[in-house]
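J.: Sending over a structure as structure tokens; questions will come in a sec.
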Amino acid sequence: MTLAHSLSFPDSLRDGPTVGDLGEFEVIRVITEQAGSSLNGDDAAVLRHASPNSRAVVTTDMLVAGRHFQLDWSTPEQIGQKAIVQNFADIEAMGARPVAALLAISAPTHTPVEFVRGLARGMNQRLEEYSAELVGGDITSGDSLVIAVTAIGQLGGSLPELTLGRARPGQTLVAHGKIGYSAAGLALLQHFGPDNVPEHLRPLVDAHCAPVLTPGRGMVARAAGATAMTDNSDGLIVDLNQMAMKSGVRIDVDSSSISPDELLSEAASVLGTDAWRWILSGGEDHTLLSTTFGDAPSGFRTIGQVTKTRHEDLVTVDKKTPAFSDGWRSF
């Protein structure tokens, strides 16, 4: 058995041709049918700037089957939604507006065309929320199933981009979105499998398989005077550590502002674990984390303060060493 054929797709996707049966151009046609664009079809896409002083913001991220998603846990649509959100969150974290995406797929020849169709459909669902388009990409055969998305955003106006190194003492730490939900959903899937998760805990699983990001929050924060921003992809403490290190500051998180809600507490009770691990080190929520002077921007809530107080940790919780500080590792 080859490595490629060790990748197993759900039975529900197998009724029909494979990508090997159709070939490259027919598979591309399947994708564009689900996520069409007037800019897609030439050797490259030409994007117009929204205004003369607009700047381009570009990022890329990959999802690897068995590493970032499980085919028996997530539908193709959910995988497509996740691929867009994790990239667009990086664009939002710069204070920019996502406008386009490119999709590159490396897939075994036995990959069902129905998987690719569902993937593109899920991507388009998230793209439409942003009025963005899939403007091109590439597909090739390979032993592993790898999905790579390049996201393109536009940064208008004269305000600076929201980099990691612009947090200053005296500023407020704010957040938009749930924290700990994705990690809790993953833990539930690992324990129960995809079909036996208690129904009232399904929102946590959904947060892991198909995260949601409210469009435009990064732009709102930038317009309101935000300085530094990132998204919670690798774990709250890990991501805030990067911000603190690059800004040369300390960040103290207020535990009462991020304490486990009823859903997280119930999941932790069911699994016999500590919900704080999910909150502090879980990641993949793609919650926007920002620093700002004054009140939290619309849609954000205050969760801490930026200080210059000496402490052995760059990031503290209630001015103490965090109980959990590990996070996602790529290697």
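Note that Cβ sites are derived from N, Cα and C of the backbone, with glycine treated the same way.
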J.: So Swiss-Prot lists D43, D231 for Mg(2+) 3; which of D90, D195, D274, D295 goes with them?
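T.: It is D90, as the record lists it for that site.
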J.: Using DSSP with the three-state reduction, classify D90 (Mg(2+) 4 binding site) as helix, strand or coil.
T.: helix
J.: Quick one: of the binding-site residues D61, D90, D231, S233, D234, which has its CA closest to the CA of E284 (substrate binding site)?
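T.: Among D61, D90, D231, S233, D234, S233.
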J.: Cβ distance under 8 Å to T60 (Mg(2+) 1 binding site), same chain, sequence separation 6 or more: which residues?
T.: N87, A148, V149, T150, A151
J.: If you compare CA-to-CA distances from D90 (Mg(2+) 4 binding site) to each of the binding-site residues D61, H68, G137, D231, D234, which comes out shortest?
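T.: Closest by Cα distance to D90 (Mg(2+) 4 binding site) among the binding-site residues D61, H68, G137, D231, D234: D231.
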